[in-house]
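Down below is the structure, laid out as structure tokens.
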Amino acid sequence: MAATASAGAGGIDGKPRTSPKSVKFLFGGLAGMGATVFVQPLDLVKNRMQLSGEGAKTREYKTSFHALTSILKAEGLRGIYTGLSAGLLRQATYTTTRLGIYTVLFERLTGADGTPPGFLLKAVIGMTAGATGAFVGTPAEVALIRMTADGRLPADQRRGYKNVFNALIRITREEGVLTLWRGCIPTMARAVVVNAAQLASYSQSKQFLLDSGYFSDNILCHFCASMISGLVTTAASMPVDIAKTRIQNMRMIDGKPEYKNGLDVLFKVVRYEGFFSLWKGFTPYYARLGPHTVLTFIFLEQMNKAYKRLFLSG
């Protein structure tokens, strides 16, 4: 009886039973997808802002709020959720891959005595996992950018993808399979910048707040440090993000691409639209970052609790 009770509370060897890695990866992807449902409108507004005024044209939107109200007026409530299927697939591929790579590398680099990797090594692991996940998620990213951009174009110029799978099939058939990875370099670069900026700015912000004497090491301090970290991360990654967005949305003109590479995008944006146009869409990008992270962890915790209650207890 005692042995049975011990096995029920934990494993046969008395150790606590934990979720399999495959379940953890699955839950990570599902949690990211759940959060995306809530922040998709912010992603759409950010993408529209980054494409507004492209090529020295008159800006379609003055502010992020103007963009949101214009989209609602012209395309309705469903319009702000355009590209949701692509956003969900991006999370399913990017988040799951990133989590899987991070876990594998973390375990490989953990010492034989159980000593975890140091801060710098964890940063390298995080950036490597982020870049790999971004590469795998690039096809969904291309579909997302094009689907969210469609509504701003005249009807005869729209691509008219029905959903993310229709987009991927048509892109492959009409432009070649390599087009699915168009902009993968800036996409991977953004992931590296985001991971590096988040790690460095969060720890520094937290230490600064604690040293000020006004904060203790509690949830308020963590929240404020997260907000500062989000601000730094957004500022650092937006120029790379606008390069990614424009490359993935560009068309071929007389057989030639609108942009040669990410640097060409940055030079043209600064030349024709002004230096600060590199940060177009800053508000929705920053507003998306915090809620998406918080919601992802909330969903992840709830799924883990439910799994333990249903399959690991008793």
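Quick reminder: no glycine exception, Cβ is built from N, Cα and C everywhere.
If you look up Swiss-Prot, you'll see Ala2 marked as N-acetylalanine, on the strength of experimental evidence.
Under the heading phosphoserine, Swiss-Prot lists Ser6.
Per Swiss-Prot, repeat 'Solcar 1' is recorded for 23-108.
As annotated by Swiss-Prot, N6-succinyllysine applies to Lys57, with the evidence given as similarity to another entry. In the three-state DSSP reading, Lys57 (N6-succinyllysine) counts as coil.
DSSP gives Lys73 (N6-acetyllysine) a helix state. Here Lys73 (N6-acetyllysine) comes close to no residue that lies at least six apart in sequence on the same chain with a C-beta under 8 angstroms from its C-beta. The N6-acetyllysine feature in Swiss-Prot is assigned to Lys73 (among others); the stated evidence is a large-scale study or a structure entry.
Within 10 Å of the Cβ of Tyr102 (phosphotyrosine) there are 20 other Cβ atoms, across all protein chains. Per Swiss-Prot, the feature phosphotyrosine maps to Tyr102; the stated evidence is similarity to another entry.
The repeat 'Solcar 2' annotation in Swiss-Prot covers 117-208.
The repeat 'Solcar 3' annotation in Swiss-Prot covers 217-306.
Here Lys256 (N6-acetyllysine) comes close to no residue that lies at least six apart in sequence on the same chain with a C-beta under 8 angstroms from its C-beta. According to Swiss-Prot, the N6-acetyllysine annotation covers Lys256 (among others).
In this structure, Lys256 (N6-acetyllysine) is part of a beta strand by DSSP. Note on the repeat 'Solcar 3' (217-306): mean pLDDT across this stretch is 93. In this structure the alpha carbons, written CA, of Tyr102 (phosphotyrosine) and Lys57 (N6-succinyllysine) are 42 Å apart. Applying an 8 A CB threshold to same-chain residues 6 or more apart, the list for Lys57 (N6-succinyllysine) is empty.
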